[in-house]
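Q: Structure below; questions to follow.
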Amino acid sequence: TRLPFALLRLVAACPCCLQTHPSASPPPGFRDVHLQALLGFGFLVAFLSRYGPGSVAISILVVAFAIQWAVLLQGFLHQFRNGKIHMGVQSMVRADFCAAATLISTGAVVGRVNPAQMLLLALLGVTLFTLNEHILLATRKGDSGGSVTVHTFGAYFGLMVSRILPQLHMDQREEHIQTCLFPFPTGTICLWIFWPSFTSTTTAQGSAEPWAVLNTYFSLAASTMATFILSPILCEESTPRMVGPLLIQDAAVAAVAVMGMAGEMLVTPFGALIAGFLAGLIPPLGFRFLTPVLCSRLKIQDTCGVHNVHGLPGMLGAFLGTRTGTAQALHQLSALPLTLLLATLGGCLTGELCLGWDGAEGAEVGAAPGAGGTGPGAVPRLGAARRCR
């Protein structure tokens, strides 16, 4: 119970010195990243009928907490000089990246935990994200758009938390999918508008930023086309042969997850088109074949499908983002196992702590926070209920 007060005293004892004038307007890159974290990621979890209204509110709560905690931790690691934390626009951008990774993690367990457990997940997730990013930056492993640090870490951290939490029963999984289509096109449009800036804001070299924007631009188009081509093929005969907005949204997310590390490395639009097309194939194939295996064999219920949308495309981006030099390629690839190790161990620890948190029993079978119901918790979208079988 004394932890929040200790954190408040710690923050009060560390005055911050802004590097930029308070009246100076932030650059467009920061605005795009901030809008993406709130709008794009916020609407990704608004599909559950009982959890839809509460999920957006919980997303804002997680973002608000993650930003403050990330600024404090990253300030001590990177901008702590003469007893002060010196802040700038780059600090806010990195904090938004951290918030995005945390929202990805929460997508794996949304509808199964209460707000207190969400904050606990954010507390430990931000801490491990900052540690992982600090190690990678210290060894100069480039990942400007966060294929590894944001998408891969966030996905597998959340999946391991989901692995530890109690599972829902079969009759609770396929009910009450959100029928209101407003969040889906809104979130998808935000993804298309702001993703190029998200992947190019922290490029290692200023000359690489146009390449990151251009490659992300083409990757989005190719990934969406791949989804339109493959998804009707995977549908059952009794299923209408159409592509819903959720599939288009997943294609956009996968396209940028693969461009996080590869965006500034690829030097031809043709390469970005191929990478985007491959990324667009991952979500429909993953929901068709891998998600049932995760649920039945590994006991992992992936509510938002972060494994297919963030995890696997992020790993593909790590492989495509290796440079031509052998030494540099090995350095780039070494970032992936380190991230997976921290995400796996940290997710298991966080899941165990969530089990012991007050109210954990009610989160297993109780109503979703903010939903105003008394029935079973919101269901994971396991491909069978959310997509073509």
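Cβ from N, Cα, C; glycine included.
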Q: I'm validating the feature mapping. Which of 215-234, 335-354 is tagged transmembrane segment in TrEMBL?
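A: Checking TrEMBL against the ranges 215-234, 335-354, the transmembrane segment one is 215-234.
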Q: TrEMBL lists transmembrane segment for one of the ranges 32-51, 92-111; which is that range?
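A: Per TrEMBL, the stretch marked transmembrane segment is 92-111.
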Q: Rank 58-80, 148-165, 215-234 by Cβ pairs under 8 Å to the transmembrane segment (118-136) and hand me the top one.
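A: Top-ranked stretch among 58-80, 148-165, 215-234: 58-80.
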Q: Tell me, roughly as an integer, the mean pLDDT over the domain 'Ammonium transporter AmtB-like' (33-321).
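A: In the predicted model, the domain 'Ammonium transporter AmtB-like' (33-321) has a mean pLDDT of 81.
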